[in-house]
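Marked as substrate binding site by TrEMBL: R98, R108, R136, D222. Per TrEMBL, Mg(2+) binding site is recorded for D222, D246, D250. As annotated by TrEMBL, domain 'Isopropylmalate dehydrogenase-like' applies to 5-353. The site 'Important for catalysis' annotation in TrEMBL covers Y143, K190.
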Amino acid sequence: MATKHILIVPGDGIGQEVTAVGKKVLDKIAARFGHTFTYDEALVGHAAIEATGNPLPDETLTKMRASDAILFGAVGHPKYDNDPSAKVRPEQGLLKMRKELGLYANLRPIKLFDELLDASSIKPEILKGADILFFRELTGDIYFGDKGRKNNGDTAFDIAEYSRFEVERIARKAFEAARTRRKKLCSVDKANVIETSRLWREVIQKIAPEYPDIEVEHQFVDATAMLLIKDPRRFDVVVTANLFGDILTDEASQIAGSMGMLASASIGDGTGVYEPIHGSAHDITGKGVANPLASILSAALLLDISFGMKAESDAVIHAVDQVLKAGFRTRDIANAQTPADMIKGTDAIGEEVLNRI
Ligand code: NAD
């Protein structure tokens, strides 16, 4: 029996709708397993800009640092998508949060529930049983190095940088995760061409002997892009740099069929942040049709990773599986064969999950 303090940061658009359901799931787990979870709420993104002029107000950051874990929704608003010159933007809140909390590893479990095999654009016989855990480095690489223009603006450059320390700390997280799974680690780089990749590979090779139980494979990113679609079952844990990870994890999200199903964790040495991979989806905001399962599965990751509550986390995943097995779907994961009365809105499918915990 534990006491934990959770910060709910719904953000914008459907972030508000799905995070409310994720919180109910955490409440149900606390009641069912005899834990005490206390909550606070904070603003981020467009909602925070409207209220304070700042996409990540100091008050939010203080609350984040004081919590044991953060359940996050999404940030974004069409107003900014159509105005690339806006100086203050919702996603600045996201980037600043990652930097301030030292969230250097982004974890994305890619696992397809059997009932959704048909929802993917990949053939079911290739997909069935695929279960991958991505570790994307989040605070280095080409996103954070020097960037600029020269030659009167006709030439642009972005510098990619990694230190041994940065590679080693995420590599160790990935090795440790592989120990709890099928004991395979695939490190993805472009060491035939790129110097930061050569350092990346050197570091992985240096620490690999400390994990003799883990089978390590090095792959070039172009090969990984191809193999993810050709044979996703060959992967267990994958670790890669920020830019490669950005692209490969979106590619891999298609293995799971829908954006509305995928959860992620951003972790470092302090408070972890758990959020769906999807954005604020203003095309469906306020309609009550957003799929809350990614937020619910984010809550399951939070329980497992930040609180070490494996049984509680499994109970959430099992409940989601049971809801899908019973035939319930949200609109984004339904198909032509789904009976109309089995297509549920955000709160109704959330209730089905709660009933099965
Ligand atoms: P999006 O993920 O919001 O939506 C893409 C498509 O998937 C939309 O058609 C949407 O309706 C659908 N979708 C997404 N989540 C769904 C869910 N839970 N249930 C059902 N359908 C779902 O991406 P976008 O449209 O490119 O971006 C919208 C806004 O979100 C932008 O402002 C963007 O900057 C922001 N964004 C934020 C994050 C984040 O906060 N981490 C991530 C991506 C995009």
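Along the chain as shown, the residues are counted starting at 1.
Placed from the backbone N, Cα and C atoms, the Cβ positions cover glycine too.
Feature map: TrEMBL annotations on the structure.
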residue: R98; record: substrate binding site; CB count, 10 Å: 17
residue: R108; record: substrate binding site; CB count, 10 Å: 24
residue: R136; record: substrate binding site; CB count, 10 Å: 26
residue: Y143; record: site 'Important for catalysis'; CB count, 10 Å: 16
residue: K190; record: site 'Important for catalysis'; CB count, 10 Å: 20
residue: D222; record: substrate binding site; CB count, 10 Å: 12
residue: D246; record: Mg(2+) binding site; CB count, 10 Å: 16
residue: D250; record: Mg(2+) binding site; CB count, 10 Å: 13
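The binding-site residues close to D246 (Mg(2+) binding site), defined as a CA atom within 10 A of its CA, are R136 out of R98, R108, R136. Within 10 Å of the Cα of K190 (site 'Important for catalysis'), the following binding-site residues from the list R108, D222, D250 place their own Cα: D222. Surrounding the centroid of the Cβ atoms of D222, D246, D250, where the record places Mg(2+), the chain contributes additional residues within 8 Å, namely V221, A225, L243, F244, G245, I247, L248, T249, E251. Neighbours of Y143 (site 'Important for catalysis') among the binding-site residues R98, R108, R136, D222, D250, defined as a Cα within 10 Å of its Cα, are absent: none qualifies.
In the three-state DSSP scheme, D246 (Mg(2+) binding site) is classed as helix.
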